[in-house]
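A.B. asks: Annotation comment: Swiss-Prot describes 15-151 as domain 'VHS', evidence class sequence analysis. The domain 'GAT' annotation in Swiss-Prot covers 178-305, and the record cites sequence analysis as its basis. Taken from Swiss-Prot, the feature phosphoserine covers S320. Sequence annotations record features per position, and here Swiss-Prot assigns domain 'GAE' to 417-532 based on sequence analysis.
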Amino acid sequence: MSSAKRRLYSLIQNATEPYAFEPDLAVNLDIADLINQTGGNLPREAAFAIVRKVNDRNPTVAYLALNLLDICVKNCGYAFRLQIASKEFLNELVRRFPERPPSRLNKIQVMILSLIEEWRKTICRVDRYKEDLGFIRDMHRLLSYKGYTFPEIDKENLAVLSQKSVLKTAEELEKEDREAMSAKLQELIRRGTPADLAEANKLMKVMAGYDTEQKQKYKEHVLVDLEKVKRKAALFGEMLNEVSESDKLASGDLYDELAYSLKAAQRKVDKILEEMSPEDDSYVTVSDLKSLIASLLTQYDHLLEGDFSSARTVAADNNSLLQATTESAKSNSKTSANASNTQSAMDLLIDLDIGSDAQSPSLPASSSQMPTSSFNMESLSQSLLGTVEAPAEVGAISLTESFNSPVSNSSPNVPINNFTSTCAFENSHLNFQITPKSKTRDQVVLLATYTNLSPYDTVENLQSFIAVPKKYNLVLQPQSGTNLSPLQKDGIYQEMIVTKLLDVTELPVRFKLTYKVNGRSQEYTGQSSIRLL
């Protein structure tokens, strides 16, 4: 046993000692740091050592282990999250859940349900590699189907894992992807089935040619993020110009939050500029953006001090700098066409912070992923007690047989093709997905499908309102219906035709959903980015 593994087991033992009674945050963070620093097989060792403690008969040990698990998910990277999203781990996590919920859940069961609900609402929606976390969503549906009710999660807890994507350099994006691919490759080789080994072979080929094929995508992604920063800076400048001498700026207000955000972005812009060559087409644009941010922060400092004369002088310079960044960006439009097209489309629809829905360069699609659209509850429930490649003590609640073989029950309304379904919205009652049916160079036919996730409640009077950027044309066909019976999969569908796309690979959409459950009206709005590849 390696020294890192011995230290890991020792720390986990210390963190879950029954006499501790309360979690030791320092030890828990030490474990998370050890996982991040060591890598290799340690994330898997840690995940399964923790889940064994979760199943300890001593409730204090289980309580401490769940707190440790929560800390690790919040502080560890993709390699650890890949393990907690595996069937084997999830089956172990719910091993002590009976097939039907008891009249009263114990504290440990409630904590487990809370964690699964939190993961589903956060990392399964906003994580850069959320496609590899599909079994968490599937376990959530399975438990809901069996009658378990998930507790509400505090906004403070959701905020930790739902943070907007931060500005990263091309080098940081590449490093993050390489680490994620390495972790995924190791897991595929460990499982060792023929399908996994074939997938591992494909992934190794991708990794071998990654530098040349992906660098341009990283640069385009950085340019898109810088455009968001510029828009935020422009908004901040407009707000500062409207501040009068009677206004009072205070710590913690909106001005302070925007200033803090731009200060954080300023450091990243400096780093991006360092990685660029003066010969790069975007060098002048990034340099002007750096000057604009510095000037805006100076203006803000003058306003805080009550020096309105100096603030007005700086404001005049800011307008010139903003115009300069706009002009230099236009001059580079041909070079960064993909980046600017993506951003302009988003600008027509989405608010200032759209990072969580923007698609980053990501891992290649894997056959080991389980898309939400292929999950079938009825087929799953019929084989709950079937053979599962997990420890023999796995209880009545478990996901189905093969890691690589999702259960499927194709609806005639759902397209059977190689396109990826996008989950645009999901809550305890409704799942809303959009899937491309066919695509040409400038047109795509999309199918919106609606599924009732509740085992008890009927969704009534469902109405959807969908919009795309004004530069595209959208034709909406009528909905197939307005009501969804309990657990009815793809019970309502609607076809959409979008034209004037011109080789677009992602389509931003904005939507509004209204429906009734138990006589109560529900209304939700949101946005998503639909992959057209």
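Positions of Cβ are set from backbone N, Cα and C atoms, glycine also.
For each listed feature, how buried is it and what is near it?
C.D. replies: Taking the domain 'VHS' (15-151) as a whole, pLDDT averages 92 in the prediction.
Break the domain 'GAT' (178-305) down by DSSP state and the numbers are 106 helix, 0 strand, 22 coil.
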A.B. asks: Looking only at the domain 'VHS' (15-151), how are its residues distributed among DSSP helix, strand and coil?
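C.D. replies: Grouping H, G, I as helix and E, B as strand yields 95 helix, 0 strand, 42 coil.
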